Amino acid sequence: MAATIQSVKARQIFDSRGNPTVEVDVFCSDGTFARAAVPSGASTGVYEALELRDGGSYYLGKGVSKAVNNVNSVIGPALIGKDPTAQTEIDNFMVQQLDGTKNEWGWCKQKLGANAILAVSLAVCKAGASIKRIPLYQHIANLAGNKQLVLPVPAFNVINGGSHAGNKLAMQEFMILPTGAASFKEAMKMGVEVYHHLKSVIKKKYGQDATNVGDEGGFAPNIQENKEGLELLKTAIEKAGYTGKVVIGMDVAASEFYSDKDQTYDLNFKEENNDGSQKISGDSLKNVYKSFVSEYPIVSIEDPFDQDDWVHYAKMTEEIGEQVQIVGDDLLVTNPTRVAKAIKEKSCNALLLKVNQIGSVTESIEAVKMSKRAGWGVMTSHRSGETEDTFIADLAVGLSTGQIKTGAPCRSERLAKYNQLLRIEEELGAIAVYAGAKFRAPVEPY
């Protein structure tokens, strides 16, 4: 007799920013128990599936009792008796039948909330792995039809700007990627050493308070020039002795400083009542990136333009997409329909995989498979408001995305994922493969 779902229980817990989020427990007939919690983002794309919040004054409108109630009274009862190893069936049932809301980009989860559906989807996935008595990453690989497991290159967000920090820096994340490491364990060593060198470089140059950390564990020194951020990384990498082995990635989150009115990007957007002297066109911004790429070892640029600026995305991908990965986050929101459009229009060449943008494991797998078949890279990602849940570590290995960004090597909700990857590498032993320099295409498409 196959194990079935006996009960599903949701509760409100808190993310790393002190905002409410949803956690779900799934109990099965064979005694299996699984628990999952969902994260939430600060710079959210307008095309993301609906994250259901309560509104009102409690928790400044960010309560999730409606989403919790939707799990406890609608989703949970409907899943009793179902087989938790049948991930696709359960996800499709929740998304298409129990919720059923659609917009031009597909299933939008507006009735029950992507946070409610995803929490259940993640917990069911963990339960399915337990029932099959296989590790979660292997269960995910089986669901996707992926035959080769690969440990991802970590992209550590060590300098924060944009909506994540109180400094004047327009661009949101400056990351280091230890592509020259031979294993994930060695990548952690390189990343951690560069991080500590960076801390002392920043402290010396900007003072002790510049080493306070942001939401994702990175530093937020009060610099305004984006180039200064790159310079700090270059210096820290040199001091650690990893020049050529540790490279640089950026997440610009340009939608945050784009003005639809005059179609410009304001690199001084955090200065109130600024004179507009740093507003530039999409073409000028593209040239800023090109100059960065020629001067620094940059291998990845995420969200270089606004989420609706398909034109400049395509231009940039055509011009420097061979040497640099152009990653769509707000542009794609892990949505298979938007991914298909971007593949057709050659808008970018890599997917940022955030399970809570789309709201189910099945749709996430679909977006990844489409991306890989198009020859794209895939980077698994956390959100700025995280929990101690480590699902995305197993997801990155199971789907062999080749890359993961889950913050700096600082703050427990970030390290939880990196530590899980260390455990997975150890468990795989001799068959463990680290993506390294092949992070953009670590496996053949599956």
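Glycine residues also receive a Cβ, built from the backbone N, Cα and C atoms like all the rest.
Keep in mind that what you see is a predicted model, and the values were worked out from it rather than measured.
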Return the residue out of ASP215, ASP275, ASP329, ASP330 that Swiss-Prot annotates for the same Mg(2+) site as ASP251, GLU302.
ASP329
Of the candidates LYS279, LYS346, LYS405, which does Swiss-Prot annotate as part of the substrate site that also includes HIS164, GLU173, GLU302, ASP329, SER381, HIS382, ARG383, SER384?
LYS405
Excluding ASP251, GLU302, ASP329, please set out which residues of the same chain place their CB within 8 Å of the center of the CB atoms of the Mg(2+) site, keeping sequence order.
GLN172, GLU173, MET250, VAL252, ALA253, ILE301, ASP303, VAL327, GLY328, ASP330, LEU352, SER381
Which whole number of Å gives the largest C-alpha distance between any two of HIS164, GLU173, GLU302, ASP329, SER381, HIS382, ARG383, SER384, LYS405, the residues noted as binding substrate?
16
Binding-site residues near ASP329 (Mg(2+) binding site) (Cα-Cα within 10 Å), from HIS164, ARG383, LYS405:
none
Taking Cα-Cα distance, which of the recorded positions GLU216, ASP251, LYS354 are within 10 Å of ARG383 (substrate binding site)?
GLU216, LYS354
